[in-house]
């Protein structure tokens, strides 16, 4: 049932969407009407009628063709990415925003969705200003009819009127534009046909140029007032081959390759129009790639043919000084005017509608909280009228710039940024190698995505480095804003797929056969019975891991054969929440077993991957200390427990209640209510050593509070870590250079390297017998520490009484079986006379108490019958010492080599 649930959910959600008011229209548009026509109308507007002459006149034919090649190379790479993403699943409203957000996640999607929205707003204003320019050229003082006044405020008034007309159409609904799109397309194609015919049919003529701005102080040559249409002549072509950048007569600024490219590139920014219609297409995965590619190829051919014909038949002066010259050389002048008006008007409305739909999609996804919530409102037929009004208001603000070329750079950079993001989304999906990324359009590779990204980035900074930098900074600001303020989405995060892909690759490269002691680091498996009483130990081990692997392990007793389902799956969320709120860097591994011993064996065998496997097992100590619930402690609630909804009566973490400690035994719950006995506990230690794992037993860490321990020290040197690198239970085997002793030194040094523990001082205690050279022992140990680059203070502690008692026990053991009393004395051997003497007048008593003690953990006896006595010895050894680690190392971890 669970395997069919996602498919069932998809079918149900699809049927609900089809029945909602938003999708009440049937999907009936074909490739031609749904993709080709909208894309062509978006790409044929200002450039084809008003800026072809401008591009050729400023750049020359060579550079003009080079510009078109560069521009179309960039958009072709992006078109391939659009086709790939659009054929990988169903698309919804929002076009590029929907693609980016569902591929890269809400942060990138939301920030670039805003950029795409602003690009459409500016583009709509650009088309309206181009239309006003054409109207003034025809009906203004310098035009043929001369019925309209000219000037900045008059142009603003005309632009505002045109925008109001677009607003009315958009408020009624996008259907009006959709029905008229085919008629507008026919008009544009007719005008283009007459333009091509005119180059052959119209005879050479002289054309009156628009009035130019006056020359300052009246000095210098006056600009010409007449220019020639020569027809097809070789001399005209030769004069138009090379670049000749001059002042733009509409803005008075000097032109360059970058500024001309910015104006020209606006004719290439309509490639998303088809993908935006995906919700109305019969077969989006079929129509979007074919329709978009067809429109791109068609416009590329038209632009280059027009550039060639213009260069062959028009003087350079005509191209530079009259952007409306195509009207003057047409077989019927009003046709070009009609073409300009219709195509530009349709493009302006298309961008206004597109901007409103993007804004509506952003509001519906709740990425900006309540800021955009009004934009969700729709009319009875599903038209987002509030989004239309907001988009209209922003377009009106842009119109105050007044000049078409002024905002061309901004629009171009916005679109280039969005195109680069689409390429990045496709690249991320391709590199992630997710099985569900299998688009039906396969004519792309990661190379095309990278070329598209690089091309967009280079052209952004070539056009205007200041605008490009500001746009990227604005995008990053929005990205951070959405990351910290928006709720978690269920779209899926491509970053997780990319991280998985890279981690898998590098794990395969991590060869355990190349391990070296110089690069050893602790990789810890901490067994946690109940996190409620283990907060102190969990946070302490997080400090001691030294950027190594850290796994929280837990064994739940049970038999899967007798259970209906895996009981562990529902518990991972609580454990991961614990990891988040304790702010530790750890993995979680849970297992189900018939005994704790078998569960620990499972985790030691299977935890980790490749070269990242635990080499150290950490266990809590087996004693009768009363556990304390640190997850419900009011003093720790703010730091460790998330704020709960007052109406939510569930506990913050779904961990079982703590055992009743010493009262449990009286109630018949076994060994103090524990899940295993002392015999099994020592067996776990022995198993780990057999598996060549270092073992650490942690006692009294329920008393450890990291924050108070570190903050309580008033200054440097006030925090101490004591290290006893000798087997206190076996004085006859004492050595400071065996593997286990060096392992103690290494762990203490690792702790001292952590920033929070860096001001702590290591104290190394040297146990010696009376009569031996104390200075010699200290000197040897000091030299060893110097070679190991470990900074520690060495102190000597006499232990003659322990040595004598040990040899006495050894002698008696050879003659007779030790009595019960002598066994009790032997069990307390390590404790007697050492730590108990802290109450006396010896030197150790004069030292301040440490924050943590590191003690030598001897191996468990080979005879399993002595496990209980062994555990009793450890208990007596560490009794009332405060936070203590009993450590046994089995692998070399220190070296003096480089």
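Numbering starts at 1 and runs along the chain as it is shown here.
Placement of Cβ uses the backbone N, Cα and C atoms for every residue, glycine included.
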What range among 441-460, 501-520, 521-540 does TrEMBL record as transmembrane segment? 441-460
For TrEMBL, the entry transmembrane segment belongs, out of 407-429, 545-567, to 407-429
For the transmembrane segment (181-202): best-contacting stretch of 339-363, 384-401, 466-485, by Cβ pairs under 8 Å: 339-363
Using Cβ atoms only, state whether the transmembrane segment (466-485) and the transmembrane segment (152-174) have three or more pairs under 8 Å that are 6 or more apart in sequence. no
Per the Cβ filter (under 8 Å) with a sequence gap of at least 6 from its ends, the transmembrane segment (384-401) is approached by 117-118, 120-122, 124-125, 128-129, 156, 159-160, 163, 166-167, 170-171, 352-353, 355-357, 359-360, 363, 374-378, 407
Within the domain 'SLC12A transporter C-terminal' (537-624) only, compute the mean pLDDT. 90
Using DSSP, what is the helix/strand/coil residue split across the domain 'SLC12A transporter C-terminal' (537-624)? 36 helix, 22 strand, 30 coil
Residue numbers, six or more beyond the limits of the transmembrane segment (60-87), whose CB comes under 8 Å of its CB atoms: 96, 99, 103, 237, 240-244, 257, 260-261, 264-265, 268, 271-272, 275, 278, 284-285, 288-289, 292-293, 296, 300, 303-304, 307-308, 311, 416, 419, 422-423, 425-427, 429, 439-444, 448-449, 451-452, 455-456, 459
Considering only Cβ pairs under 8 Å, which range in 254-274, 339-363, 407-429, 441-460 makes the most contacts with the transmembrane segment (108-132)? 339-363
